[in-house]
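Listed in TrEMBL for this protein:
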type     : residues           : note
DOMAIN   : 181-289            : domain 'UBP-type'
BINDING  : 205, 208, 225, 238 : Zn(2+) binding site
DOMAIN   : 332-887            : domain 'USP'
ACT_SITE : 341                : active site, nucleophile
DOMAIN   : 667-707            : domain 'UBA'
DOMAIN   : 729-769            : domain 'UBA'
ACT_SITE : 826                : active site, proton acceptor
């Protein structure tokens, strides 16, 4: 240890706020379980893989590291892969939930001091178990300075910076059952004295013969079957039909009652709830909660079982087929870090395009050099850890190089005490953590909408390109995605027109159900299902989807729509109420086209639901929806005529909507609002309570109870600065959809006003340009510029936007969603193999790429988190997002 006696100048004493990175190299995906482990700099506490030590030391002069390696040992009694217990909870990493890999092994840590370039100490002991954090007794015999001993002890004992950040962002394992609010109907629940006494067994639905998935209404004791699941299993909806007739609000699921809990559903609140008086309510019908035992599956267990049966999940994941794993450059899996499949799917698709590869995957060395220079200048590790360009480049190179893609070592014969071999795939913890730091929704381990993440990622890319810390000449990949939409508005009375150019990156296509091509087939299926329901027998047919051609969706997007109650500046006198005709066309055609299918809508009760449709890309496709090899998406019919046409007359200059004056959301404590919402109140009601009391949860909840009968409790809160002369009115249904996505009310209203109530455009604008929407000067200037065709400089407005001909596109990738909500379920992506990267110059892949079955056939690849396989039946008809490149 003599060579480590003069190193105090190379180390820093950490404090309780010092972040220590020891999970993942900041420049690569080197990890502690690699052969060489990681090297933790004892000056600024970042960790590096062996390959980056030379450049780092030469620039920073920080030459002392603590080498950290871990060895994973199979736990005694760990289940074999094929004997893992079935999950009982919709949970990840908790008892009864989906097991994480680390549940199967223990971790042994190994430490060494390393002085660059070649001085390595003998093994340094790990801290004693259960010892105090300040205990350094395991290091005192090494002959090191007291300062170095303190630093080593801190690094060994502290949690990694990423883990600390995850905890701060509340990203621990989640459980749906812990999210049940107390029902507002429980305390004063009406229970009828109708003499009903429920026996402990022999239950049956009062309208059919089902004896499982039964719910007892807590007001009248009626026993009915539950809702039907998306795959036809479950019940026959008789419980909810009973509520619709009686309006009795609460029901308990028989068979889930135990001495401590039971599943209770509130129909008016449309959620699982907690009934604090459940024991009393059950006693009314002769049920002794203390003697009850669980005999039926919970809702969570039924959902898991339904997801494992044939249907959408098996179709999209191709789980009913034995798929061949693929390895090599561009064929690297991303390990799920807890509902991170939406991130994984987007990243895989983006790096299947040349545009993102050229910006990020091919320039990691420049991003690394820039980050090290920034560390030298500032002395802060944050310049590398929080550098989006670096983390994006690091991820892109890892995916495209093939370094982390190789056949896994079979684990089935491992015995207790054996070392767990390194497995393929990337665990993007630092990237995930950085994304969470930039957006609170993505900091959680709950599922998110893949489109919202895609839009947010575009914002981060745009910011990185503006800053251009790495001084790259590579073009922005966003230019390839960006296109211009020409909006036309015609006054219904004067027939004068207004043209407006909007910049978009996603083409959002509505799904016109009236254009279905298999109406009779769907009707016959529904009739068979109804007959089975009436007969009380199980219905096990595969679902029949409503088939709609993508050409019909394109026509629906381009169709002229009537805008009612249009206050026109073009009438005589101006300001008369009339109607307007609105239509849109494409001014430019991007090199890379992202298309969203608007599968999620609101039913007649304003409850979000997913349309049960199959999109036919090629009208001459095969039965499974596979388009012909030479099929192309033709958008030539959407070509904009180019502004004012002969014979048309422009509306006056103030034809655009007058912008609302800058509005600010009511100043309320969001944490109080969130706690109040868990009690079952709407967000608007909770905001009203906070505004009225300007106090804590208790006073605000008391106010809500006192004003629960107020007719305007859930009405939108008027903004003090709202303009009164808007030329467009906000569609309440559209507004509700934006609010459901978490967009602030004032921002949602402004976006809908500017976009003439076009939901998809409003959502995109709210996410991409919120500052413009809430700035009346910028918004008015933007609208006035776009309303005057003569003043529009076409070349300037199209700067940074790809445009070309022909307007025909080849499908290269798509992302599919499984489940009934964008904030639940699972995402996978399929990518055309010809689009995938063939390697990174200068980097040798871990193995030779798996060859195609037929070199003349362009095969498809399924990316399901870490599983990368040859796709046998790509679910072309069920995509949520399609990605096309210009043919």
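Glycine is treated like the rest: Cβ placed from N, Cα and C.
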Self-check item: Rounded inter-Cα distance in Å - residue 826 (active site, proton acceptor), the residue listed as 'active site, nucleophile'
Solution: 7
Practice problem: Kindly state the mean pLDDT of the domain 'UBA' (667-707) in the predicted structure. | Solution: 77
Self-check item: Rounded Cα-Cα span from the residue listed as 'active site, nucleophile' to residue 205 (Zn(2+) binding site), Å
Solution: 39
Quiz item: Counting Cβ atoms within 10 Å across all protein chains shown, which of the binding-site residues 208, 225 comes out on top?
Solution: 225
Exercise. Write down the Cα-Cα distance for residue 341 (active site, nucleophile) and residue 238 (Zn(2+) binding site), rounded and given in Å.
Key: 35
Quiz item: When a 10 Å sphere is centred on the Cβ of residue 205 (Zn(2+) binding site), how many other Cβ atoms does it contain?
Solution: 23
Quiz item: How do the residues of the domain 'UBA' (667-707) split into helix, strand and coil according to DSSP?
Solution: 29 helix, 0 strand, 12 coil
Quiz item: Can you count helix, strand and coil residues in the domain 'UBP-type' (181-289) using DSSP?
Solution: 16 helix, 21 strand, 72 coil
Self-check item: Among 238, 341, 826, the most crowded of the recorded positions [Cβ within 10 Å]
Solution: 341
Quiz prompt | Listed in sequence order, residues not in 205, 208, 225, 238 with Cβ within 8 Å of the centre of the Zn(2+) site Cβ atoms | solution = 206, 207, 209, 210, 214, 224, 235, 236, 239, 536
